[in-house]
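Report on the structure given below.
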Amino acid sequence: MEQGAKEIPVVYLHDIRRQYTQGETKLTILDGTKLALWAGQSVALVAPSGSGKSTLLHIAGLLESPDAGEVYIGGTATSGLSDVERTRIRRTDIGFVYQSHRLLPEFTALENVMLPQMIRGLRRSETVKRAREILSYLGLEDRVTHRPAELSGGEQQRVAIARAVANAPRVLLADEPTGNLDPNTADHVFNALMQLVKATRVAMLIATHNMELADRMDRRVSLENGHVVELD
């Protein structure tokens, strides 16, 4: 697991195993997978399509349960938790960013970022203040009243990032967050993610095919035969 001897990883996947059934065939996607994510560290997950990147992200984010193994969030084992408790952890400790922004089209940028906080039951005045601060930090202070259709692709994805960190999560999981963007816009979105890692010390795991961006992160790992492999 490494890092500091007394430091607890934000997320630790221990001996994760995941199989899927396809007809009469069982496909092993993850096979004894281990991965530790540390506070303030950015990790690139680079592997071919179909290797299990999305499955690993879903398990790390408690969206999917492994067939065997344990997911620790802040040192707490999650396998024995109720669905209610797992949902609470997802809402408070984990942020998600996808290739498609998944913003609610009828809501403004501000309202989209307020939503995760309102679901937690925070006061409206608090959610407005927090949402404005994050959008301003990401250079979107002039776009808060715009709906997704009125924003560029890069702006939409930055709003999605703002929404993902609205509840100050411990870990940010991103699945090809720049995959639909041109190189220049992708660079701006990636820089926004890296700024947030430094400013908030959130742990970040990004699944990406973009090796240029991956090389700018603290660690690079791949998936080979269901195992996480550290890359030089």
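Cβ from N, Cα, C; glycine included.
According to Swiss-Prot, the ATP binding site annotation covers Ala47, Pro48, Ser49, Gly50, Ser51, Gly52, Lys53, Ser54, on the basis of sequence analysis. Cβ environment of Gly52 (ATP binding site): Arg18, Ile29, Leu30, Leu223, Gly226 lie under 8 Å away, each six or more residues apart in the same chain.
Taken from Swiss-Prot, the feature domain 'ABC transporter' applies to 11-231.
Sequence-distant neighbours of Lys53 (ATP binding site) (same chain, 6+ apart, CB under 8 A from its CB) are Leu45, Ala47, Asp175, Ala207, Leu223.
Candidate binding-site residues: Ser49, Ser51, Ser54. Fewest other C-beta atoms within 10 angstroms, Ser49. Ser54 (ATP binding site) carries a helical DSSP state (H, G or I). The DSSP secondary structure for Ala47 (ATP binding site) is coil.
Neighbours of Gly50 (ATP binding site), defined as other CB atoms within 10 A of its CB across all chains, total 11.
Sequence-ordered, the extra residues of this chain that approach the ATP site, with Cβ no more than 8 Å from the Cβ center of Ala47, Pro48, Ser49, Gly50, Ser51, Gly52, Lys53, Ser54, are Ala207, Leu223.
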